[in-house]
Every structure is written in C-alpha cells, then in structure tokens.
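J.: The disulfide bond annotation in Swiss-Prot covers C33-C98, C40-C92, C41-C74, C99-C112, and the record cites similarity to another entry as its basis. Look at Swiss-Prot and you will find 1-19 tagged as signal peptide.
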Amino acid sequence: MQFKTIFATLAAFAAVASALPTSSSEQNGNGQCAVGQAQCCSQVQKQGKDASDALAGLGLAFNQILDGAIGLDCQQIPVGVLGGAIAIQNTCKNTAVCCQGSANNGLIQTSCTPLSIN
C-alpha cells in the first residue's frame, strides 16, 4: 500500500516537472524558432530596468511580468529567409530574436531570446 502511494506521488511530481517551461533556447538549432516567431528588432532590451526605461521612453506603462527580453520596432522575418534561401544577416541589420508574444498592437514583442544567425 505504501509503495503505491510513493509511486503515485513520484509520478505526479514527474508529470508536473515535465510540464514546466525550461530556460533552454527557443530555437531548433538551424536558425529557426521552435517556439514563437522570428523577428528583426531595432532594439532589444533585457528584462528589468532597461526594459522599463525603454517602455517609459515610449510613454508606455507595461504592467505584465516580462519573461525574457522585449523587442521594440520589430518586423517579422520572412519564411524564405528562415529556410536558408537568403541569409538572415542580409535581411536583418539589427537584432534577430524569437519572441513568444506581443503587446500594444504589435509595437512591443515579449518573451524574446536571441536568434542564432550562424
């Protein structure tokens, strides 16, 4: 009886742990985003005071908890570029990132991580 209780508890912990987000890269290893959309942003600010200052400079207050960096003035990177037909460096002269969300009608991209452009 005790074995069943211990096993059920361990199985529950394993299920919860596997559902939690990880801090691993959001890329699939070939310059494409596994999660979110590839964006080319004129500014990328790390989470914290820099991000808050950048938003305040735009006259915006952002009350959400930010996970990752924020991207400002971003454009989606075309699929042909992500497929390797055109080098990302030729299309994105600023910072390429993978972002999972957006706010203020797309003005701000949220939960961004750098996109490898090897």
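Even glycines carry a Cβ here, placed using N, Cα and C.
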J.: What is the total of other Cβ atoms whose distance to the Cβ of C40 (disulfide bond) is within 10 Å?
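T.: Result for C40 (disulfide bond): 21 neighbouring Cβ atoms inside 10 Å.
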J.: Can you give me the same-chain residues 6 or more apart in sequence from C41 (disulfide bond) with a CB-CB distance under 8 Å?
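T.: Expected: G71, L72, D73, C74, Q75, N94, T95, V97, Q109, C112.
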J.: Just to confirm: which same-chain residues, 6+ apart in sequence, have a Cβ under 8 Å from the Cβ of C99 (disulfide bond)?
T.: G36, Q37, Q39, G71, C74, Q109, T110, S111, C112
J.: Quick check on the disulfide-bonded residues C92, C98: which one has the highest count of other Cβ atoms within 10 Å of its Cβ?
T.: C98
J.: At a 10 Å cut-off from the C-beta of C33 (disulfide bond), count the other C-beta atoms across all protein chains.
T.: 21
J.: Other than its own, how many Cβ atoms are within 10 Å of the Cβ belonging to C112 (disulfide bond)?
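T.: Its Cβ shell of radius 10 Å holds 30 other Cβ atoms.
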J.: What three-state class does DSSP give C92 (disulfide bond)?
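T.: In the DSSP reduction, C92 (disulfide bond) maps to coil.
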